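Here the structure is laid out as structure tokens; the discussion comes afterwards.
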Amino acid sequence: MTIKLIVGLGNPGKDYQSNRHNAGFWLCEALAHLYAGNFKKETKFFGEVAQINISGRKVRLLKPTVFMNCSGQSIQSIVNFYQINTNEILIVHDELDIDPGIAKIKFDGGHGGHNGLRDTIQTLGTKAFHRLRIGIGHPGDKSQVTNFVLHAPSKGELEKIQNSLNNSLQIIEDMINGNFDKAIKTLHTKE
């Protein structure tokens with residue numbers, strides 16, 4: 001099994017581009033830059049799509065242009081069109097329960113309160129997809145979460161998040177080729 005679709009979760013528009021909640025977009029944009037892909041608006045997919053080639057494999061990148069809590073609509077449309085199995089999807093998202101500077105790979109599981117994952121699980125009807133969780137840290141109190149994710153990280157936090165994104169870029173090729181154990185071992189030992 002290989003990864004055919006990488007989805008970066010985030011909110012569309014310039015007002016949100018530097019927010020912690022857009023960490024998924026940041027990784028997809030870095031991948032497009034690294035592998036010479038160009039995002040194009042695809043209204044039928046409710047998103048921006050780029051196609052890249054990694055290790056001789058065609059991989060699509062998707063940044064939904066709907067808000068986070070409607071991400072499933074965008075993902076479902078591209079999955080149906082290209083007949084992609086859910087276990088061939090990697091969803092990249094911000095993770096409150098992981099400190100900045102750390103990224104973790106996970107397969108299956110719940111949404112952990114993440115509205116983008118919640119909608120995706122509900123729309124796809126399954127939790128059986130890969131996740132790349134980019135740590136952004138937690139504000140400390142549940143009542144502060146919305147404000148926290150919808151603001152930019154501090155300079156120090158951003159440096160740590162960028163470091164975890166760079167570490168994540170180094171294991172993408174392994175994930176594309178189905179070497180999940182190697183990718184996990186490599187990424188999880190960079191903490």
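Heads up, the Cβ atoms here are built off N, Cα and C, so glycines get one too.
Here's what Swiss-Prot has on this protein:
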- Asn11: site 'Discriminates between blocked and unblocked aminoacyl-tRNA' (SITE)
- Tyr16, Phe67, Asn69, Asn115: tRNA binding site (BINDING)
- His21: active site, proton acceptor (ACT_SITE)
- Asp94: site 'Stabilizes the basic form of H active site to accept a proton' (SITE)
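In this structure, of the recorded positions Asn11, Asn69, the smallest number of CB atoms within 10 A of the CB marks Asn69. Applying an 8 A CB threshold to same-chain residues 6+ apart, the list for Phe67 (tRNA binding site) reads Asn11, Pro12.
When every Cα pair among Tyr16, Phe67, Asn69, Asn115 is compared, the largest distance found for this tRNA site is 16 Å. Within the same chain, the residues at least 6 positions away from Asp94 (site 'Stabilizes the basic form of H active site to accept a proton') whose Cβ sits under 8 Å from its Cβ are Leu9, Arg20, His21, Asn22, Ala23, Gly24, His114, Arg133, Ile134, Ile136, Val149, listed in sequence order.
In the structure as shown, the Cβ atom of His21 (active site, proton acceptor) sits within 10 Å of 23 other Cβ atoms. Classification of Phe67 (tRNA binding site) by DSSP places it in coil, neither helical nor stranded. Within 10 Å of the Cβ of Tyr16 (tRNA binding site) there are 17 other Cβ atoms, across all protein chains. Within 10 Å of the Cβ of Asn115 (tRNA binding site) there are 17 other Cβ atoms, across all protein chains.
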